[in-house]
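Chemist: Would you mind keeping the following structure in view while I ask a few things?
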Ligand SMILES: C[S@@+](CC[C@H](N)C(=O)[O-])C[C@H]1O[C@@H](n2cnc3c(N)ncnc32)[C@H](O)[C@@H]1O
């Protein structure tokens, strides 16, 4: 991971060096991925950044520019998910964190994924299974497979991932009993289940299928049952953020408030946010026994 063109997805690198990938943070809604190439310059609305001036700077530094400031942040799968070029719909960190946890991913895990799409989930998987795990990722769309391969290469991840252009529903994965975990984000995941069974390790390996519609879940569960998968369960993750703010409210009182006392409170209250991200999809998990 630390060799040559590094992206540091799993490193604790403190200081920026030439070739690093990082993020220029202006605000949570304005971040830019940047590869540090000596002698190049990156323009921001707050003024130019000379790449040479970044080398040797600590990650997390607030960088003063001619008309304002930015932060330089390390490249993480979470920031990549928020800023990657969309070639498809992608998975976001809430679902990704549950997938990583429920599939028991850890350093050394061998994982199979289809489709690769925009590589959002792939980057998180690679971070988790590094330094000695491996991801086999498949997409039947040639241009998407090529783009993803180029991106992994550019991010210095080639020793951890292989992209194959293949229709996994028709032709399977071409792999036998090697995967600790297998993940499907496909329109018809149930058609790939027999191939998935074949590619997964014989005892205790885990599978996850992501589907936006409940009808897809029904067909997937039937296919999992027919292949004798165990522990089949489906979940939907809807996060409900709360806003905490100072609020004045009238006191509720059965008797009249004495004149000397205020009839309002001024406390910190927690209220559900008005903007709640809705349904993304259903996650169906199962174990091969
Ligand atoms: C929604 S995207 C996956 C997004 C990905 N999980 C991410 O986080 O970026 C679905 C991908 O599956 C691919 N796909 C659909 N059917 C396929 C099949 N039968 N075999 C391989 N790939 C397939 C599509 O080309 C598309 O790129």
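The backbone N, Cα and C atoms fix where each Cβ goes, and this holds for glycine too.
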Chemist: So TrEMBL lists 118, 119, 120, 121, 139, 185 for S-adenosyl-L-methionine; which of 53, 167, 231 goes with them?
Modeler: 167
Chemist: Using a Cβ cut-off under 8 Å and a sequence separation of 6 or more, which residues in the same chain sit near residue 167 (S-adenosyl-L-methionine binding site)?
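Modeler: Those within reach of residue 167 (S-adenosyl-L-methionine binding site), by Cβ under 8 Å and sequence separation of 6 or more, are 140.
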Chemist: Within 10 Å of each Cβ, count the other Cβ atoms, then let me know which of the binding-site residues 139, 185 comes out lowest.
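Modeler: Among the binding-site residues 139, 185, the lowest count of other Cβ atoms within 10 Å belongs to 185.
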